[in-house]
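Shown next, in structure tokens, is the structure this report addresses.
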Amino acid sequence: MQDNSQTRVVVGMSGGVDSSVVALRLKQQGYDVIGVFMKNWDDTDENGVCTATEDYKDVAKVAAKIGIPYYSVNFEKEYWDRVFTYFLDEYKKGRTPNPDVICNKEIKFKAFLDYALELGADYIATGHYAQLTRDEAGHAHLMRAVDQNKDQTYFLSQLSTEQLDRVMFPIGDLVKPQVREIAKEAGLATAEKKDSMGICFIGEKGHFKDFLKTYLPAKAGDMMTVDGEIKGHHAGLMYYTIGQRKGLGIGGDGIDNEPWFVIGKDLQKNILYVGKGYHNPHLYATHLSASDIHWVNTIDRGSDFHCTAKFRYRQKDTGVTVHLNDDGQQVTVEFDDPARAITPGQAVVFYNGDECLGSAIIDAAYNQERELQLI
């Protein structure tokens, strides 16, 4: 059996069952394990509803049960500067950001990795559902988890091979029921703890409008069809996302009684465009443009290549052709079949089979040459 006792692994422990089992498995495999709880948001803030105190108590219970030292580290400033300000800036632009992608890139696999290295870590480990393979040169390749329903490579798609070379994902080969069973058999306090949902700083109940207007002024405006018919009024463009159905305040009408969906925004005129029907043609795009391109591995794929992509978490893969612009900073993604509700600000994540190649941030979606969101 391999002697891992000289290899130090610092585990990011959230107080949940996944990271608890990560720490347990590594300890059982003989690694020198240290647990670290990250505090990224001030939950004493009048709007914060995170449960950091209770989560830290659970980390302490699990660490004591496993028999590992544990610490707490505060990344509130880094989170505010690198993640939260980005989140607000994107909403100001009328886009719908994904803070989890940026949090992984900037906090969990940058600030935390730097902190772990100061503790003498050889690797960090997290409870993400993903897998890594190493090529002949020893470099890491990001692969989907065995549990396809829980796979989190979408959120890890902005990581670099340099970061991943220092990372372990010890539960990527398990499905969620197995993780809970392992925790239960080991008597871990988190075995039955429910999964955390939603964005840390908003909390699980997701009073999103109330939270957002604390930081950004809302400006009400008209809600109308592409033909100029006013159907109602919106509370502020930042509260709506492309393809949204709920919360519009306008039900189906007429013979067909089809529901209404958000199909576009005009930031300059402060207009929210709506259209009837799930299959409204204004919701379907033939291609998109994206920037902030990031490849996990710096392999030359040429300027054009075919692969699959996801435009949101847990979506089925879509066949696409990727066209890299000459400057290498922007990309055009052409869909094999029209795709619905492509949302600026979200990540488009590229795959080759089970390998996550990287991602870019969506700027605009088009139907032929017409930009959809601007109608």
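Each residue, glycine too, has its Cβ placed from N, Cα and C.
If you look up Swiss-Prot, you'll see Gly12, Met13, Ser14, Gly15, Gly16, Val17, Asp18, Ser19, Met38, Gly127 marked as ATP binding site, on the strength of sequence analysis. Swiss-Prot lists Cys103-Cys200 with the feature disulfide bond. Taken from Swiss-Prot, the feature active site, nucleophile applies to Cys103. The active site, cysteine persulfide intermediate annotation in Swiss-Prot covers Cys200 and is backed by sequence analysis.
Location within the structure of each feature annotated in Swiss-Prot.
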{"residue": "Gly12", "record": "ATP binding site", "DSSP class": "strand"}
{"residue": "Asp18", "record": "ATP binding site", "DSSP class": "helix"}
{"residue": "Met38", "record": "ATP binding site", "DSSP class": "strand"}
{"residue": "Cys103", "record": "disulfide bond", "DSSP class": "helix"}
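Neighbour count (other Cβ atoms within 10 Å of the Cβ, all protein chains): 24 for Gly12 (ATP binding site). If you draw a 10 Å sphere around the CB of Gly16 (ATP binding site), it holds 21 other CB atoms from the protein chains shown. Within the same chain, the residues at least 6 positions away from Ser14 (ATP binding site) whose Cβ sits under 8 Å from its Cβ are Phe37, Met38, Asp55, Val59, Gly127, Ser196, listed in sequence order.
When the Cα positions of Gly12, Met13, Ser14, Gly15, Gly16, Val17, Asp18, Ser19, Met38, Gly127 are compared pair by pair, the longest gap among these ATP-binding residues is 15 Å.
Taking a C-beta cut-off of under 8 angstroms and a sequence separation of 6 or more, Asp18 (ATP binding site) has the following same-chain neighbours: Gly127, His128, Tyr129, Ile171, Val179. Each residue contributes its Cα atom, and for Gly16 (ATP binding site) and Cys103 (disulfide bond) these two points are 18 Å apart. You'll find the Cα of Cys103 (disulfide bond) roughly 13 Å from the Cα of Gly12 (ATP binding site).
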